[in-house]
């Protein structure tokens, strides 16, 4: 009996012990959930935007000259980076740098292409006022003054260019050409000597040096320099013209004809070239082709019309005389008639 009576107690105790064991884990889970709800969550690390992440986009709009979009992107990047985007600051400064020398040069070249020299001079004058120390701008303005035969102003601008950069090639060449115009060949050669040691040989420099020697009547040295210029730039008609002129002065008419003919092929709208070609042909005893060259010069250049008329009339008479002279010995009828008259 004792054993049977103890079973429920044991069972009850077992049941009780079982219930008490099952209650403990549940209480642990609740306490863990409560602790998790009370514990603060760890904050996520802040995302710092890359300072350079839109540089490519700013550059793309800048080279496309879409400055409004570029300014908006710069403003956005400076706001995000609190002014630490260095590239955006540089581009912003580049946009604000206006006017620029390249703009003036491009505008002036457009006026020159349209044969509006006066407007081109005004543009380059403003450019020089904006940047008075630019050797390029001063030289271009000086060349335009030279084109208008305003040599004092041209020399002033070229002097300013040489003051900024004494070895600036275009300015030295232009200043030397003005000196050649006034016959100061020794001074011009001194100027050219300053840039003669440049690594890149200039055909214009050799051409000008050759014409200095031509002015000093040193024809062999002139031909040597001009042929060097022709070697460096064989398509320049002015160098060919000068070579023909030197050979014509030395009475080497065949060589002069060769160079004048080549120059005419490169510049067929120049009346002076046809005039010189006609003179070479005239001295080569080819009056018919010389006459054609004179007539071509008349149609191209109104300034040589009077000279061409005079020379054409003289060539016409010379050509007629030569033809009549050539016909006399070759006419058998005239020979027979003259022999009959003599026999009678």
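Here the Cβ of each residue, glycine as well, is placed from N, Cα and C on the backbone.
TrEMBL: automatically predicted annotations, no manual curation.
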If I go by TrEMBL, the feature region 'Disordered' sits on one of 1-50, 51-100. Which?
1-50
Where DSSP helix means H, G or I and strand means E or B, what are the helix, strand and coil counts for the repeat 'TPR' (135-168)?
27 helix, 0 strand, 7 coil
Based on DSSP, tally up the residues of the repeat 'TPR' (203-236) by helix, strand and coil.
27 helix, 0 strand, 7 coil
